[in-house]
Amino acid sequence: MEENAHKPAKSLSLILLWISILMFSAANSIIAKLGLLGAHHLKNGRNPISFCNILFVANIIAGIVLFIIHRKSWKKQTLSTIPQKSWWLMLFLAVISGVIAPSLFFIGLMLTKVINVVLISTLDVPLTLFFAWLILKEKPRIGTVIAALITIAGIIITFILHAKNPMDMEMRMTMANVGKGSLGHFFATVPKIGEICIAVATFFTIFSVEFGRKVLRQVPTGIFSVFRMIAGAVIFFIIVLSVFGWVHFADVFSPYLWGWMLVYGGGIIAFGLFLWYRAMQNTNASDLSTANSVQPVTGIFFAYLILSEIPDSGQITGGIVIIVGIGIGLAATLIAQKKQRELETLPKEEKFSPKKSQSYIGL
């Protein structure tokens, strides 16, 4: 009774869930806008709000926020129960999901339109099903498989048909701030490199989630989420120093950077996570499925509102196909969950062992 007293009411939880979804939907556009602001306010020829600075500072802020939320999990006796093998696996996943995936995602975000980022990121739908089947041996329902295939078709249409980014490549490279050496030349010359980075980042992200579900079942979520953020920030810092040198982080303490990062970190990361965790106390999988399904639409809306991006014909065509796929997947999920609830109301002797729902409901 005491625990339930601290839970928000169902209606309030739904409001908090939708507010957090809207905030997360706006995050991509806000980051791209920050990179653009930094490119117009260079400091000694450097972008103070480069992807490296944003990623490093954002990971630190997110790690602190998550530690505050999950501080009760960080007890000495709890930490002592985690085997050494699990710590190494957490470190491995921190490199993938805390360094490689976000680095590629941030670079892609600076090198392509946010609308492309939103649409191509829906690749997580089929990838979640694939890795759940490959790693966890979970058999997906036919409805979710059809939805995943339609989503892939929409992504391919978007990738092939969308118009070239009208922004000058030099400006985009200034936003990304990956240097002018061989790495910078690679990103500047490979066609549609931004879209490719987003797709690869999504691949690594979903792999880390599903692999983590298999090998870190005994590790509390609060411990791994904080460890991933902080360890990822430290490892990323070391890698960038070894590749670019200290000069790449010369502006990491810039008041201009921290002014905007406190707005982004406090407003999107901290407040968004707070609302999300509060909402999760009294919402179910159906609520989460429905809220997640609208993210492509809200993401495109914020791209227009914040960056004045207007979908071209290729993005509209691909987006419609993707939304149809997500809609079919959502319908399959809700139908399966309804059957599950009906089954749970049957007398014990009439029940049978159903297969666990494996459809994608968001990360």
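Going from the start of the chain as shown, residues are counted 1 onward.
Cβ coordinates come from backbone N, Cα and C, glycine included.
Keep in mind the model is a prediction, meaning the values are calculated, not measured.
The domain 'EamA' feature in TrEMBL is assigned to 47-159 (among others).
According to TrEMBL, the domain 'EamA' annotation covers 193-327 (among others).
As annotated by TrEMBL, transmembrane segment applies to 12-36 (among others). Here the transmembrane segment (12-36) has Cβ contacts under 8 Å with residues 47, 49-51, 54, 106, 109-110, 114, 117-118, 175-176, 260, 264, 267-268, 271-273, 275-276, 278-283, 287-288, 291-292, 294-295, 298-299, 301-303, 305-307 of the same chain, all six or more residues outside its ends.
Sequence annotations record features per position, and here TrEMBL assigns transmembrane segment to 48-69 (among others).
Listed as Cβ neighbours of the transmembrane segment (89-111) (distance under 8 Å, sequence separation of 6 or more from its ends, same chain) are residues 28, 31-32, 35, 51, 54-55, 59, 117, 165, 172-173, 175-176, 178, 187, 193-198, 200-202, 204-205, 207-209, 211-212, 215-216, 219, 224, 227-229, 231-233, 235-236, 239. Summarising the annotation, TrEMBL assigns transmembrane segment to 89-111 (among others).
If one looks beyond the transmembrane segment (117-136) by at least 6 residues along the same chain, the residues whose Cβ comes under 8 Å of a Cβ in the stretch are 28, 105, 108-109, 144-145, 147-149, 151-152, 154-155, 158-159, 194-195, 198-199, 202-203, 205-207, 209-211, 213-214, 295-296, 299-300, 303, 315, 318-319, 322, 325-326, 329, 358-360, 363. Taken from TrEMBL, the feature transmembrane segment covers 117-136 (among others).
For the transmembrane segment (143-163), the list of distant contacts is 113, 116, 119-120, 122-123, 125-126, 129-130, 192, 195, 199, 312-315, 317-329, 331-333, 335-336, 358-360: same-chain residues at least six beyond its ends, Cβ to Cβ under 8 Å. The feature transmembrane segment is assigned by TrEMBL to 143-163 (among others).
As annotated by TrEMBL, transmembrane segment applies to 230-250 (among others). Outside the transmembrane segment (230-250), and at least 6 residues removed from its termini, the chain residues within Cβ reach (under 8 Å) are 44, 46, 50, 52-53, 55-56, 59-60, 63, 90-91, 94-95, 97-99, 102-103, 177, 179, 183.
Sequence-distant neighbours of the transmembrane segment (256-277) (same chain, 6+ residues past either end, Cβ-Cβ under 8 Å): 16-17, 19-20, 23-24, 26-27, 30-31, 34, 37-38, 41, 43, 48-49, 53-54, 57-58, 61-62, 65-66, 69. What TrEMBL records for 256-277 (among others) is transmembrane segment.
What TrEMBL lists as transmembrane segment is 289-307 (among others).
Under the heading transmembrane segment, TrEMBL lists 313-336 (among others). Away from its own ends, the transmembrane segment (313-336) comes close to residues 113, 115-116, 119, 122, 125, 141, 143-144, 146-163, 285-286, 289-290, 293, 296-297, 300, 357, 359-361 of its chain (Cβ-Cβ under 8 Å, at least six residues beyond either end).
Taking DSSP states H, G and I as helix and E and B as strand, the domain 'EamA' (47-159) has 96 helix, 0 strand, 17 coil.
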